[in-house]
Amino acid sequence: MILKVFLILVLISIISLTFKAYIEVENQNGHNNDPILTSSEFLKPESIEKQQDEDASTSEKLHLMRLPFRHGNEPRKHVLDSTIKDLVRIQTLHRKVIEKKNTNIMPREKDVVLASLKSSKDEFSGNNMMATLVSGASLGTGEYFIDMFIGTPPKHVWLILDTGSDLNWIQCVPCYDCFEQNGSYYDPKDSSSFKNISCRDPRCPLVSSLDRFDLCEDENQTCPYFYDYADGSNTTGDFSLETFNMNLTWPNGDEKMKRVVDIMFGCGHFNKGYFHGAYGLLGLGRGPLSFSSQLQSIYGHSFSYCLDDLFSNTSTSSKLIFGENKDLLDDPNLNFTTLLDEQESPNESFYYLKIKSIIVGGEMVDIPEQIWNFSLEGDGGTIIDSGSTLTYFPSIAYDIIKDAFKEKIKLQPIYEVDFVMDTCYNVSGGKQVELPEFGIHFADGSVWNFPVENVFYPYELNEVLCLAILETPHHSSTIIGNLLQQNFHILYDIKNYRLGYSPRRCAEV
C-alpha cells in the first residue's frame, strides 16, 4: 500500500512538471482547426438577440455534441491524463468534506437568492430546457463541456460540466495569472448586463467562508471569492451577476438561444490548474450557488443528462435537461435509488448514495457493510460525479472487487509497472474474452446494473483491455464516474431525494 501511494505521488509530480509543455503541444496540434471552436458553427450575437424575442416552443432541447479524436490521442494517453486529474479531484473532494466549510446559510437567505431569478420566468415556456454538451476527449480530458454564451452582447464560452461543484466561474479580464484557453478572456467592461455583488449583499456569504470576510474592508466593496484545489489549482476573483445564453436545438431542428438573467458566478482573475480546453466551470452541485439550483424557480427541482460514449470518434450527441422530463418519467425501465438528504450528507455540495453491496458477474461480492458508511470525520460514503472519469472504491472494497473480476475472467492478467490500471488483459490476436457485468446494490433495495462496455476500458486499442475501476486515495469516498454513467439517462430529483437511471443509447434520445 505504501509503495502504491509512493508511485501515485511520483506520477502526479511527473505529470505536474510536464503539464505546461503538454498544453503547448496540444495547442500546436491544431486547436484553431477544431470544428467545435470555429465561429461559423455558432450563432452570431445579432441572430441571438433576434431569436430571444421569438416565441418559444413547448419543449427546448440542448444537445451534447461529440468532438472527433485528433491523431495521436490514443486511449492509453486519455486514461493516463484522466486518472491523474481524477486523483487530484478526489483529494479535493476529500478535503472539502473534512474541512466542512461552514456557510450556514439560513433557509430564508436561500429563498432570497433563488427568488432573484423569478423575473426571468417569462423568458421561457414549457416545462423543460435542454443544452449543448461536448465530449472533451479531443482536448485530452475525460469531462463533458457545455456550450454557452455569456454577457450582453453574448460571448461564446466552453465550460466544464460538474455535478461535484457549485460555483460557476470563468476567466476574466484583467487576467493576472490564468491558464491558456482557446479564445479571448471575458471582459466585464464589454457587457452591459454584468453586475458586481457587494460585500453587503446577502448573497456574498454563499461564496465566501466566514474566515475570509476580513477581505471585505468596506461593505460596498465587490464580494471576493477564492476556491482552491488539492494540487494547488485555484480560482480567485469577484463574485458577480451576468446573463447566460444557452445554445438550444429545438424539435424542428432550428438553433436558438435562451437567456437567463442575473446568474451568480465567479469572475476569475487568478486561475490555475487542470482546466485546459475550458473557459471555466459550470457547477451542477447540490448547493445554492450551482447553475441547476439557480434555475429551480424556473424549472423546478430536477435535471437530467444522458452521456454518449466519452471516447467515441463519432459526431453523435448527448443531452442535458433542466426541468421535468415526462418522456423519461414514463419510461418503464426507469429505476430510482435514494439521494441522501442534507442532514445525512457531510457536504451539501455532493450527491450522496448509499451502497449495500456490489455484484460481479451476477454474484454478490462479500464486502463488509461498514466500508460504505461515513467515518466520524464525515469522510466515506458514495458520490455520483460527472467530473470524474473513472470509478473509484476504498482500498478494502477495491481489492475484493478486483479479485472477483479476476476469478470470472479466464485470462492471465498483465502486470506492467507503467500501467495506470492494474487489472488488465492481453486481447490481441482476436482473443474472445467473456467479461462479467457489474452492478451496485443500494441500501434501499434498488440495483443499478452496468454493461461491460462501461466497466472495461481499451487501454491500447485491440491490444489491452483494463478494468475501469481504481482504488481511491486516502480512504475517501466511493466515486461513481462518468464512464460508468454512459448511455444511461440519469435524473437528479432533488425535491424527492432520489436518483433515477434508465438504460438508453444516448445518441438516439
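Yeah, the Cβs are placed from backbone N, Cα and C, and that goes for glycine too.
The active site annotation in TrEMBL covers ASP162, ASP385. The domain 'Peptidase A1' annotation in TrEMBL covers 144-502. The annotation signal peptide is assigned in TrEMBL to 1-20.
A distance of 7 Å separates the Cα atom of ASP385 (active site) from that of ASP162 (active site).
In sequence order, GLU143, LEU281, LEU282, GLY283, LEU284, GLY285, ASP385, SER386, GLY387 are the residues of the chain that are 6 or more apart from ASP162 (active site) and have a CB within less than 8 Å of its CB. There are 26 other Cβ atoms within 10 Å of the Cβ belonging to ASP385 (active site). Mean per-residue pLDDT, taken over the domain 'Peptidase A1' (144-502), amounts to 87.
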